[in-house]
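These features come from TrEMBL:
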type    : residues                                                                                          : note
DOMAIN  : 3-147                                                                                             : domain 'Aspartate/ornithine carbamoyltransferase carbamoyl-P binding'
BINDING : Ser56, Thr57, Arg58, Thr59, Gln83, Arg107, His134, Pro135, Cys136, Gln137, Cys266, Leu267, Arg294 : carbamoyl phosphate binding site
DOMAIN  : 154-304                                                                                           : domain 'Aspartate/ornithine carbamoyltransferase Asp/Orn-binding'
BINDING : Asn165, Asp225, Ser229, Met230                                                                    : L-ornithine binding site
Amino acid sequence: MNNFLDIHTTDPAALRNIIDTARAMKTARQGRPKGTPDDVQPLDGRMVALIFEKPSTRTRISFDVGVRQMGGQTMVLSGTDMQLGHGETIADTARVLSRYVDLIMIRTFEEATLLEMAEYATVPVINGLTNRTHPCQIMADIMTFEEHRGPIAGRKVVWSGDGNNVFASFAHAAGQFGFDLTFTGPPPLDPEREVLEFAAAAGRPVTIERDPSLAVAGADLVVTDTWVSMHDPQSAKERRHNQLRGYQVNAALMAKAKPDALFMHCLPAHRDDEATSEVMDGPHSVIFDEAENRLHAQKAIMRHCLGV
Ligand code: CP
Ligand code: NVA
């Protein structure tokens, strides 16, 4: 049994295997209606709990569809509807759920909640996003890059904007998959030191370049995300917009990257804030491939967790 808690705590060989499995499974069901089962049914008879303490479109639906395609069943649970949201401990919840289900996916606020769930559950636990990281997203993003451009190792990835949870998982992935990562954003919104330290210790120190035009030079991939994440107070919105305005990904910025550079955004987006619609809908953009690949990548992650 394997948890999938973060990219930096998962073995690089297992990460590579997940990407390869995801690609093979995607190819195997090309052209098939979404509701039809896969040829192999590794989750036959398995029950999966999908717990959401924050909103979700992609994570919720892609996990649900993925489990069903592999022959399993799901229960989609909102944290507030469970006793968890009314004072029952995470440890007790984890022990109870483990008596009913074979796998737990949780999207939550504090990383400590995820870790406590994993500590006390006797079934695998998957991180569906915390305030600190979003590993499932970055597995889909790496799969997407490689589908379009081949191996990501040695390539230049540039993140423009907030040094947030999605950035953190990119930084973890830089160390594990061996690509170069540049962060461009304002100092108050720099990534956490621990995240930068992991990438540096893994031999892929994150380059910090305050000027976005200089940062994107030679980029194979330009990535951004919302300027205000779900855990950020709404009161910070105006300040963040003022701090980040200069880091918008627009056509002028993309023109400074490599001519064949890709553009990614995990979605949901605030169009014409962090990225213009011109870029999001333009020739560099692979945002909907990323969204689709959440499904395939997470199916492979669930197989990894269950060893099936
Ligand atoms: N990218 C992502 O995780 O989207 P949702 O919040 O819709 O799940
Ligand atoms: N950084 C965003 C990602 C949403 C998928 C958030 O945490 O709200």
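Count begins at 1; order follows the chain as displayed.
Note that Cβ sites are derived from N, Cα and C of the backbone, with glycine treated the same way.
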Secondary-structure category, per DSSP, in which Ser56 (carbamoyl phosphate binding site) falls: coil
Listed binding-site residues Asn165, Asp225, Ser229, Met230, filtered to Cα within 10 Å of Cys266 (carbamoyl phosphate binding site): Asp225
PLDDT averaged over every residue in the domain 'Aspartate/ornithine carbamoyltransferase carbamoyl-P binding' (3-147): 97
DSSP three-state assignment (helix, strand or coil) for Ser229 (L-ornithine binding site): coil
For the domain 'Aspartate/ornithine carbamoyltransferase carbamoyl-P binding' (3-147), residues assigned helix / strand / coil by DSSP: 70 helix, 21 strand, 54 coil
Fewest-neighbour residue among binding-site residues, criterion Cβ within 10 Å, set Arg58, His134, Cys266: Arg58
Densest Cβ neighbourhood among Cys136, Met230 (binding-site residues), 10 Å radius: Cys136
From binding-site residues Asn165, Asp225, Ser229, Met230, the one whose Cα lies nearest Gln83 (carbamoyl phosphate binding site): Met230
Those binding-site residues in Ser56, Met230, Arg294 whose CB falls under 6 A of ligand 2, listed in sequence order: Met230
Nearest of the binding-site residues (Asn165, Asp225, Ser229, Met230) to Ser56 (carbamoyl phosphate binding site), judged by Cα-Cα distance: Met230
For Asn165 (L-ornithine binding site), the one of Arg58, His134, Cys136, Arg294 that lies nearest, given that the binding-site residues are compared by Cα: His134
When distances run from the Cα of Met230 (L-ornithine binding site) to each of the binding-site residues Arg58, His134, Cys136, Arg294, the nearest one: His134
